[in-house]
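First comes the structure, then the notes that go with it.
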Amino acid sequence: MTESGSPVVSMDAITKTFPGVKALDQVRLDLYPGQVTALVGENGAGKSTTVKILTGIYRPDGGTIRIDGNPVDLTTPNDAAASGITAIHQETVLFDELSVAENVFIGHAPRTRLGLIDRAEMHRAAARLLDEIGAPFGTHTPLRELGIANKHLVAIARALSVDARVVIMDEPTAALSHKEIEELYELVETLKAQGKAILFISHKFDEIFRIADRYTVFRDGAFVADGEIADIDENALVKMMVGRAVDHIFPARRPTVAEEVLQVVGYDHPTEFADIGFRLHRGEILGFYGLVGAGRSEFMQSLFGITRPSKGVCKMNGKIRVIRSPADAVANGIVYVPEDRGKQGAIIGLPIFQNITLPSLGRTSRNGFLQLAEEFKLAREYSERLDLRAASLDQDVGNLSGGNQQKVVIAKWLATQPQVIILDEPTKGIDIGSKAAVHEFMAELAAQGLSVIMVSSEIPEVIGMSDRVIVMRDGRIAAELSGDDLRPETLVRHAAGISTPAPQEA
Amino acid sequence: MVSRLIPVREAILAGAILVLLALVASRFAGFVAPANLANVFNDTAPLIILALGQMVVILTRCIDLSVAANLALTGMTVAMINVAMPGLPIPVIIAVAIALGAVMGAINGLLVWKLSIPPIVVTLGTMTIFRGTIFLISDGKWVNAHEMSAAFTGFPRAAFLGLPVLSWAAIATILVFGVMMARTPLGRSIFAVGGNPHAAVYAGIDVGRTQFLAFVISGALAGLTGYLWVARYAVAYVDIAGGFELEVVAACVIGGISIAGGIGSVGGAVLGAIFLGVVKNALPVVDISPFWQLAISGSAILIAVAFNARAGKARGRIILKSTVAPT
Amino acid sequence: QEDVRIALVVKALGIGFFEAAAKGAEEAAAELGNVEIIYTGPTDTTAEGQIEVINALIAQNVDAIAISANDTDALVPALKRAMQRGITVISWDSGVAAEGRQLHLNPSSNPLIGNMIIKLAADQLPDGGEVALLSATTTSTNQNTWIEEMNKVMGDYPGIEVVATVYGDDLADKSYREATGLMQSYPDLDAIIAPTSVGIVAAAQAVVDAGKVGQVNVTGLGLPSEMAGAIESGASKSFAIWNPIDLGYSATMLAYELSQNGVEAAPGAEIPMGRMGTLTLDENTEGAMADPFVYDASNIEEFKSIF
Amino acid sequence: MSDSTLQARPETRHVPDRLNSRAFRTLRSWESLLLAVAIAIFIVNSFASPYFLNVWNLSDATFNFTEKAMIAFAMALLIISGEIDLSVASIIALASTAMGLAVQYGAGTPELVVIGLAVGLLCGAFNAVFVTIMGLPSIVVTIGTMSLFRGISYIILGDDAFRGYPASFAWFGQGYIYWVFTVEMLFFVIIALAFGVLLHKTNFGRAVYAIGNNPTGAMFSGIRVQKVKFILFLLTGLMSGAAAVFLTSRLGSTRPSIATGMELEVVTMVVLGGVNILGGSGSIPGVVIAAFVMGLVTFGLGLLNVPGIVMSIFIGLLLIGVIALPRLWTMAANRRRG
Ligand SMILES: Nc1ncnc2c1ncn2[C@@H]1O[C@H](COP(=O)(O)OP(=O)(O)OP(=O)(O)O)[C@@H](O)[C@H]1O
Ligand SMILES: Nc1ncnc2c1ncn2[C@@H]1O[C@H](COP(=O)(O)OP(=O)(O)OP(=O)(O)O)[C@@H](O)[C@H]1O
Ligand SMILES: [Mg+2]
Ligand SMILES: [Mg+2]
């Protein structure tokens, strides 16, 4: 803390409580001009909450924020912007119905002398910003026409449209492709050179070690440590984060060749995927790898009956099954744990036990009439099996933490006693500790004879867990790999569509 | 590819209106005479003004069912003021009407903003409360033409450049809204709040406050219309404009304002109102029983909403397309 | 001694005509001495609204109900129940089907009114011409009866042609629009006959706004207080109405006679109604009060402050 | 307290079924608040008018809410599922017109009832097609059909009225089962029980709640969301048809303006009954109590000869007040706490 001068922003003893959760407890954070500070911590450590406090979206319950040593009160997002703090938030918070330029400038658009919005100037300025970050689209384009990655670029442009001294990036690379990530790194360098203080939040350690100058670690809403990146290595950082050493070993698996459970032939969809076919055996874990947006989720949802394929056949235990709705899928023993937990998984507003029994009501009820005792019995059985942490079974599932919500969703499906379970990004946004638990559990399910399809974008997870991997690219199967072919380079090559054979030696 | 979607929607609506006019003209040519069209516009002016106010409210994901009751209460109040103080100049009357309407809008807005009661519940309640209040203040009695001052009833029909002031009021509202929605921060915030309230918070826009302002705007316009209405028909009583709120919402829906908020345009709302106005004025002229009117406007709403939903349907992500294009 | 409670139920509260009738009822009450008038009705002209009012009156066990009905048939079950509970029921102004009341008091006789409204128009058109009808709500009985009676006597007015009948639903704005529509559809229109107090005012306003004063004469049935302006501007030369004060007075007197003096409302009966003389019931147990009265520039000043 | 014990023996972690007893939950519920309001109104009424405490009068008073309440039960399910039907009053008009038309062709009472219910069902299906198959927002669709259905009645009837219903038809709206118990009251009770069981005791009811809270999640859980919604629109149409039978029987005639504005009273009743207008929560007992509250307010004020429009002020205030007061109270409590 010596050579870099005094911090631009300094948070001290900041506390923030949500009903039932102490999200931040007396944390501190300093950001220095011309330096990138990485904020690391497990899921729920309070990183995003810190961002929201710095940008005036939440008000802290206690503590002080100083800018250039002077205490400030950031009550609204506009206060924060006026103080020179800008952020790219974890969620894309933009407006589909407005144009790109308006998304960049909403809330602080240039005005004419009459006080009206100066459209010409706004588009000029937006074009300049987009140019700077290499965005390949125009300022008049309505946002809804952009893909998720391009939307992220708009969010970045928006953050840069404020003449800021502090730029915050909350997992900015999560949705970006390799090339765009490189461009982002360059941008960070430029910003650094301009003397801006940057707060960078990421779960990817390679990234952190590549661009950060300093680090701050939070654990369970509390400050743990900070310092210079140069003085620390990855293992030490992880240890501070988790509070213990983690050497993540994937559970050992002994795949046995068993009978075929599921066979998919020639699944087509007019716009999203084509010609998908594979077989799945009892007790097998089949990985689906691909770059984000390769169409894996789309296909899985179609297999689960959400969207209808234009052609294709699905056979369960050798018999052809027509699956037109999730109800059909469940009836045939196929269940799907979706990627978007909050929207598609848990039914927030209903108690835990009702969430768990929802697809199994046919079994717990008699002639269509509910039997609460049976429901509680079923719910208790599966919540205990998954080690659910909750105050009671009639508590609203919305009050649970994300990880426990995920458990409820899995319990819901296991209670239907399925034959095939599809897990879509089961560890996405889950911290290292919980990740291992999910992996153990998957292995256990497979060992019990359940067939598992795991969609994942993380190479170590795919390789560590799968018996076999299907790589998808642009809505089609690019390769099916197993055994010795299961190497990171092969996966990446197929996923990215690089046709030249990989050099045997790296 | 470039989004000309909204203008297309409006062009179709405008086309429908022209077809309608042509059909009417084929049976009664006088209907499309400029003087008569001006009449139809004048007749539709209150609907246009209210539809614009309602549009703002709907854009922010709310709904204002109390506009007609607000209109009636303001109308009765200014009529009674006029009876009590016939000498009060018209600008003062108009200011009172707008202020009173805005206050009623503010009541709706505050209940939505500060107590987060769903707008449909709030305005359902205030609708009956405002209506009942008219009865309380007037004792159920009518205010008739001869009790009103000549200046009071004369203002909306006074001609200016060939059009009555009532029409000019609608034209002025359209222009002000055109500028407000497109070129002011408030206008853009209204779209933003309706389009994505969550993101609006991050953009520093106060969602509740914007909804509050939308209700105030809608209320103020209802107040203004209240005076114009009462003065034009030269009568005020408890039930004036009864059920008009649904016609106003219908005009918005026909004009392509999405009930889910965030999507819509000034042109759409105006054309939606004009469509209903033309239907309403044309039926007696072409000798279709007026009993058909209700069914026709109902069908128009259904067709419009089905059409708008089709035009606005999400097109999926189209992952496969990239395989067609050279990589 | 307990007051006799007579409920005067009107189509809708707040209409000048009925307010005047209530005045007449109070006059009758004062004359009778021990009568309490309950002036009530729904706030919109619906049958359902009147039924709720009637139920409330039954519950209060009033002595008599005198009603101007929004619907001939829909009120019958409720009024029957009232009669079963021993309440005297009569209708006035706008009637109820015979099984739902003991007698009906017509303000005037329908033939006289039918003749009067066409005569008022024809008197201003010695050379004949086009007239149109602007009726009130589509659900009110009396309008239709009068128009029917009018059609019966059309032969007496050669050269007068009824070109259209439109409905203003007793709403000011709708009536106004319908009147405007009439003038557009029939550029040679000479007169608009509106046998409804709401319609006639709206039509007069429409004529003034269209700048057709002198070309189109508005006539029909209206209230002097509401029509004073139209007479003054010349949009209306003359119109007619019976006196609603007398009507309310008579209805109250009749209700009192039936409920307190044991008078039987049988066909042919003659029932006294105070200063208004006696009512003679026809075979439908209906009776007419008096002739309609014509108002024009010569007498409007005198009456406009009364009702 | 639980934290330390849980930490002590993590391997036998036990999640209790319920945190609070049933009595505690009942006491804190919306229904109890509403019941208190109903009792208060009852007491005020009995002091305000000497005619109030009379069985015949109380029996008469039920007419002004039983028909609305029948629709309100179906509407409650529909609103809990996140949809709404504003066309119910117009369905009554159309069903009543159809019955009137049938009378002209000599239909008897059983045929009339079948026709009334069938038209209601058809109208419900019409709404359902637009909402569930075409995926349009129900509030807009039903504002449209609200005009369309009543418009058809106007086209058929114009300024005319259908009358001449058979004498036996009067039983539904004017008949008594036993002493003061009306036929309408009997059906009110039966329908309330049926909907109460359907919503609270069956798988279908559970699906309705799930859909109202999270339609996507419900779909991903294997619930046939569109089918459930379709059935709910059918039920609402059917109940409107039933209400049309009772109302027509009570009035003994049909005009196209029948039941004008009733949709808003039905929605008011549902919301007053504690059903969340945004979907996801609510109960049938709540709606039953709300029906009585509205009936008592109108009847009590009617006895004082208060005009209907002034009564509606009370209903409006009740609607906003009952929702606003608890929130204001919490806000004040929070402020006091600091
Ligand atoms: N609006 C809220 N209401 C209630 N609890 C909240 C809210 N926002 C955050 N929390 C809780 O606060 C804690 C910190 O959340 P936060 O989003 O800051 O975590 P994070 O470090 O950003 O995690 P991630 O890496 O998953 O993004 C979590 O326990 C979370 O559940
Ligand atoms: N361009 C886009 N517009 C709207 N939503 C998108 C877009 N891209 C992705 N999404 C949504 O965001 C979520 C996650 O995006 P992601 O790119 O992982 O899609 P995905 O279908 O899961 O990809 P994959 O098929 O590779 O798993 C998904 O629910 C997806 O539907
Ligand atoms: Mg975060
Ligand atoms: Mg995915």
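Cβ from N, Cα, C; glycine included.
Here the structure is a predicted model, which means the values were calculated and not measured.
Record features (TrEMBL):
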type     : residues  : note
TRANSMEM : D:32-53   : transmembrane segment
TRANSMEM : D:113-132 : transmembrane segment
TRANSMEM : D:139-157 : transmembrane segment
TRANSMEM : D:177-199 : transmembrane segment
TRANSMEM : D:230-252 : transmembrane segment
TRANSMEM : D:258-279 : transmembrane segment
TRANSMEM : D:286-303 : transmembrane segment
TRANSMEM : D:309-329 : transmembrane segment
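Simply put, out of D:139-157, D:230-252, D:286-303, D:309-329, D:286-303 has the most Cβ pairs sitting under 8 Å from the transmembrane segment (D:258-279). Nonlocal intrachain contacts for the transmembrane segment (D:286-303), taken as residues 6+ away from its ends with a CB within less than 8 angstroms of a stretch CB, comprise 30-31, 34-35, 37-38, 41-42, 44-45, 48-49, 51-52, 57-58, 61-62, 64-66, 68-69, 72-73, 76, 192, 196, 265, 268-270, 272-275, 310-311, 314-315, 318. Between the transmembrane segment (D:230-252) and the transmembrane segment (D:309-329) there are fewer than 3 Cβ pairs closer than 8 Å, counting only residues 6 or more apart in sequence, so the two stretches are not in contact. Counting Cβ pairs under 8 Å that are 6 or more residues apart, the transmembrane segment (D:309-329) and the transmembrane segment (D:32-53) reach 3 or more and are in contact. Note on the transmembrane segment (D:139-157): residues 84-87, 89-91, 93-94, 96-97, 100-101, 123, 126-127, 130-131, 254-256, 263 of its chain, located 6 or more positions outside it, place their CB under 8 angstroms from a CB of the stretch.
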